[in-house]
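Novice: Below are the structure tokens for one structure; questions will follow.
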Amino acid sequence: MPSKLEGAMDALITVFHNYSGSEGDKYKLSKGELKELLNAELTDFLMSQKDPMLVEKIMNDLDSNKDNEVDFNEFVVLVAALTVACNDFFQEQQKKRSK
């Protein structure tokens, strides 16, 4: 049985490949595929944002090689950044509760 971390890694890989390749390179996400992934897999995150250009900004920030596609490495950077932001938020909430 895989560990929780191994399960999380498997989930990242599976989610990425469930959305990549329908519009071109099967190992990369196009802008449309990224938008579909974000809407389906990060619904709560997107609903809490007020910026209608958020997906465009995320794409521009992630697309480090400027090929208008997001590869798996670039995708993992997004997930890591969001995870850090969530962790920071929860730490702040914990600090407020303990005061």
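Using N, Cα and C of the backbone, Cβ positions are placed for all residues, glycine too.
Swiss-Prot lists 13-48 with the feature domain 'EF-hand 1'. If you look up Swiss-Prot, you'll see S20, E23, D25, K28, E33 marked as Ca(2+) 1 binding site, on the strength of experimental evidence. The domain 'EF-hand 2' annotation in Swiss-Prot covers 50-85, and the record cites sequence analysis as its basis. Here Swiss-Prot flags D63, N65, D67, E69, E74 as Ca(2+) 2 binding site, drawing on experimental evidence.
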Novice: What whole-number Å value do you get for the CA-CA distance of D67 (Ca(2+) 2 binding site) and K28 (Ca(2+) 1 binding site)?
Specialist: 10
Novice: When you measure from the Cβ of E33 (Ca(2+) 1 binding site), which residues in the chain that are at least 6 apart have a Cβ under 8 Å away?
Specialist: Y19, S20, G21, S22, E23
Novice: Between E69 (Ca(2+) 2 binding site) and D25 (Ca(2+) 1 binding site), how many Å separate their Cα atoms?
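Specialist: Here the two Cα atoms lie 9 Å apart.
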Novice: DSSP secondary structure for E69 (Ca(2+) 2 binding site), reduced to helix/strand/coil, please.
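Specialist: DSSP assigns E69 (Ca(2+) 2 binding site) to strand.
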Novice: Using Cα coordinates, what distance in whole Å links K28 (Ca(2+) 1 binding site) and D63 (Ca(2+) 2 binding site)?
Specialist: 11
Novice: Below 8 Å Cβ to Cβ and six or more residues apart, same chain only. Which residues does that give for E74 (Ca(2+) 2 binding site)?
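Specialist: Those within reach of E74 (Ca(2+) 2 binding site), by Cβ under 8 Å and sequence separation of 6 or more, are L62, D63, S64.
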Novice: For D25 (Ca(2+) 1 binding site), what residues in its own chain, 6 or more apart in sequence, show a Cβ-Cβ distance under 8 Å?
Specialist: E69
Novice: Would you list the DSSP helix, strand and coil counts for the residues of the domain 'EF-hand 1' (13-48)?
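Specialist: Per-class counts: 23 helix, 3 strand, 10 coil.
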Novice: Three-state secondary structure of D63 (Ca(2+) 2 binding site) from DSSP?
Specialist: coil
Novice: In the same chain, which residues outside the set S20, E23, D25, K28, E33 have their CB within 8 A of the centroid of the CB atoms that define the Ca(2+) 1 site?
Specialist: Y19, G21, S22, G24, K26, Y27, L29, S30, E69, V70
Novice: Given the binding-site residues E23, D63, D67, E69, which one has the fewest other C-beta atoms within 10 angstroms of its C-beta?
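Specialist: Minimum Cβ neighbour count within 10 Å, taken over the binding-site residues E23, D63, D67, E69, occurs at D67.
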Novice: Taking every protein chain shown into account, which of the binding-site residues S20, N65 has the largest tally of Cβ atoms within 10 Å of its Cβ?
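Specialist: Answer by Cβ density within 10 Å: S20.
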